[in-house]
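Visitor: Okay, here's the structure, questions in a sec.
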Ligand SMILES: Nc1ncnc2c1ncn2[C@@H]1O[C@H](COP(=O)(O)OP(=O)(O)OP(=O)(O)O)[C@@H](O)[C@H]1O
Ligand SMILES: [Mg+2]
């Protein structure tokens, strides 16, 4: 970094060239030839175009990185940015207020919600009908599921600072709760939804009670184990859960009791539209949107209440919290239970959407993705989590459609195979550029207006 | 005379098997400023934290406002009306000044937040200017003011301060000490003050105690301590004498 602040353009070019050279050196043995099964044994197919492409890409990325770092270093010299600091920096004059960059998070969330509200309409108009838009609406549902899971886990990890690596366990509890309650007892989705949340929350408390006195790494390991335990129980408790085969033919969602089907007592007859199977999909879309928004609203509201503020304070300093009279165990437990409950809601949505659950859907990778969404999003930021979910879930999906990559990397190139690679690249890039997450500015929960009012009072009393 | 607000009787505390406090007796009466002075590592911070239950006293009893708090959890002790500005200040760095103060007021569910905020802002006008600043970005002195302000927001009956002058410029130390004395004079706040800055502390306090190696070796009216030759030698002139010799000097 020290070099970055005083490097000349030539030095930057040289540096990027060096990176490209190293990449070339690595590519020669690894990428430059492909072994194919030919007529007489193995044949080597040269792939120099691919090598050139990779080297050029690395050159470009390094160039951009250096330039950005350069600019940032120059800016940092001029104006220290205390709003991102967690330790004292001696920059008082411009530290008095939260920075203007808050405008983005403040506007961003309503924008995101607004877009989400109209997505089915936009998709239908753009692709000329509901049925052709199915792909986009399905993708929207998938992304929103992760947005909701991210927002739920955000309560635990982002706000309360408890590293939970087994969040998927609560997702599973919710999914199986709905699957079992509906198939065994015939309960409807709207009865099962709160029950699933309740069960997941209960599990959160049951797990939380013994483990929440652990901290950091230890807590992470225990929650990781808990996630695995739930999955193994689901696999092995065959009588109840159906083992690895899972539970199928779970009843579909109904419009508050009215099924989505053709015929006189179906949803379409009720509202007087011609029957379209897409109605159910659109309904599911708005259902998960509503659930996600509920999560977000509850979180935003709680952040303004003493409980939510206690979560955040807990993340910062547990000992200080305790000596301020906050029962840290109870506070942690509520965060854990609430996060688990939203995981449970999301789980029962998952079950009603798929109509099928099996332990496979609840493996560790799922927990890791949700956690990555929260971390990438900037712990604690609602909009950040939403953006990260779009990028992490929608990104790989979009990769499929990037046909031009085939032109660059050759016919056999399947971008989808590179999903995890891109995942890793994104993580590395984030660590370099935004180590605190996409949106790292924590919004104060108290408005400026309040401060002014108090200021005036004091001035009137002659203390100002 | 009324029973003391805080009283420690024969309190011992250990870190593992190492004794940090050995049979400490101490009283703080309603309305006074009591200061505890002692060299580095004497156990002053430990004593304050032991009152708050972490570490827990292994023997002896601690009573606050007539209740035995020896075995209570920290948060329950705080709810009885005991507040502290801990060693190292421990403000919540990523939260704004106002939010830090709200955390202090959380005990009462924020019922008196408005009026208490005004009081704290009158005491420390610097905080008023910076209500929206992130606490971690404030100067050391401002953070100290915030730590004291946060403790005050809980409307404590006893305010415990651990080295509020640590690392501050003389002018800021003066500000903080005059705020402490104003609190006591004008509101009758009972204050327990742990200090390295023995001269200032004894000037301010009504009574004082000296802690050496986890034992109280001397206590009495602050005036008398200021004039005590052994204290003069160890704490007031030419810095700190080695702990052992202080102990011997006082016991002799
Ligand atoms: N968490 C801990 N674990 C083990 N030993 C500790 C711990 N905290 C303090 N000690 C030890 O207990 C003794 C008393 O420490 P304490 O912090 O109470 O001293 P102090 O009087 O506050 O000193 P200072 O003026 O430097 O703050 C020291 O010997 C210290 O090393
Ligand atoms: Mg100390």
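Glycine too: its Cβ is placed from the backbone N, Cα and C atoms.
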Visitor: So which range, A:69-92, A:309-332, A:333-356, gets flagged transmembrane segment in TrEMBL?
Guide: A:333-356
Visitor: Out of A:133-153, A:238-258, which range is noted as transmembrane segment by TrEMBL?
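Guide: Checked against TrEMBL: transmembrane segment maps to A:133-153.
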Visitor: Return yes if the transmembrane segment (A:218-237) and the transmembrane segment (A:333-356) have at least 3 CB pairs under 8 Å (sequence gap of 6 or more), otherwise no.
Guide: no
Visitor: Can the transmembrane segment (A:333-356) be said to touch the transmembrane segment (A:283-302) if we require at least 3 CB pairs below 8 Å and skip pairs under 6 apart in sequence?
Guide: yes
Visitor: In terms of Cβ proximity under 8 Å, which residues at least six beyond the ends of the transmembrane segment (A:44-64) contact it?
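Guide: For the transmembrane segment (A:44-64), the nonlocal Cβ contacts are 12-13, 15-17, 19-20, 23-24, 27-28, 31-36, 408-410.
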Visitor: Cβ pairs under 8 Å only, please: of the recorded stretches A:107-127, A:133-153, A:187-206, A:283-302, which one is richest in them relative to the transmembrane segment (A:368-395)?
Guide: A:133-153
Visitor: At a C-beta cut-off of under 8 Å, are there same-chain residues at least 6 beyond the transmembrane segment (A:133-153) that contact it? List them, or none.
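Guide: 116, 119-120, 123-124, 126-127, 164, 167, 171, 278, 281-282, 284-285, 288-289, 291-292, 295-296, 299, 339-343, 345-346, 349-350, 353, 369-371, 373-374, 377, 382, 385-386, 388-390, 392-394, 397.
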